[in-house]
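Trainee: Got a structure here, written out as structure tokens. Questions coming.
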Amino acid sequence: MSPISLTPLELAMAAVLVLASAALSLRLALGIQRPLLVAAARMVVQLILVGLFLRQVFALTSPWVTGAVVALMIAAACHEVGSRQERRFQGAWRYGVGGVPVGIATLGIALLALATALRPDPWYDPRHAIPLAGIVLGTAMNSASLALNGVFTSVSHERAAIEARLALGADRYAAFRSIIRAAVRAGVLPVMNQMAAAGVITMPGIMTGQILAGMDPIESAKYQILLMFLLAGGGFAASAGSVYLAVWRLTDARDRLRLERLASRPRG
């Protein structure tokens, strides 16, 4: 079975659903018709440009080009993690606390999969390395964002309790223990929900795409299982790394709480 090639007309027929949703929003005075249409148009342009770009990258098969693309993706993820928080660190720490664990987790998980399970030839084959890094990066970024949001929200509410534990001689990680646990759980929970629902409640995206492309369902299931394991590892590593680094930054060498290092996101 060969992959199904979609024509512009077939895509336009699917776009009618978006237009109908926008019309319904207008009729019900929901006020989301403009953002919906803008998001849809932006998505189309972005994906077409990405497709054209990747076509050129795949044709080059260069380790330098592959590395540059992955590095650019990680840099964008670092910025996104730092920008999502209502409260966040000032200066370069705003991006580093979440970005460094996300980047390390993404590179580590992607290289592990390329070296053991996938084994493309060459190992840096962009057709394997870039999509793999991208999907792991997306999960790691979301997990780190959720975990950091949990830390920054909780530390403000529990300031007195944390300072009391520190005053009684607890080290920084002991004083933050309950916050650390809750934040890491919050970061990993979406991945756990994905794994629990895969195949029973939802048909995972990668598996669906491979089946539509003509791959045997068992083989596509194997790839989806591999991917879910990679996402679980990447999500946990990014969450835990971000949380522990944030706690380290929120305290000083004398185990004092330093909330002045946090700033609220500007409004507007």
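Cβ atoms here come from the backbone N, Cα and C positions, even for glycine.
Note that the structure is predicted; figures quoted are calculated from it, not measured.
When I checked TrEMBL for this same protein, it listed these features:
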- 12-30: transmembrane segment (TRANSMEM)
- 37-58: transmembrane segment (TRANSMEM)
- 64-83: transmembrane segment (TRANSMEM)
- 95-118: transmembrane segment (TRANSMEM)
- 130-152: transmembrane segment (TRANSMEM)
- 195-213: transmembrane segment (TRANSMEM)
- 225-248: transmembrane segment (TRANSMEM)
Trainee: So if I exclude everything within five residues of the ends of the transmembrane segment (130-152), which remaining residues of that chain have a CB under 8 angstroms from its CBs? That is, six or more out.
Mentor: 54, 57, 66, 69-70, 73-74, 77, 80-81, 84-88, 97-98, 101-102, 105-107, 109-110, 113-114, 118, 176, 179-180, 182-184, 186-191, 206, 227, 230-231, 234-243, 246-247, 250, 262
Trainee: Using Cβ atoms and a strict cutoff of less than 8 Å, what residues sit near the transmembrane segment (225-248) while being 6 or more residues removed from its termini?
Mentor: 81, 89, 96-98, 100-102, 104-106, 108-109, 112-113, 117, 132, 135-137, 139-144, 146-148, 150-152, 172-173, 176, 179-180, 183-184, 186-188, 190-192, 194-195, 198, 204, 206
Trainee: Using Cβ atoms and a strict cutoff of less than 8 Å, what residues sit near the transmembrane segment (12-30) while being 6 or more residues removed from its termini?
Mentor: 36-37, 40
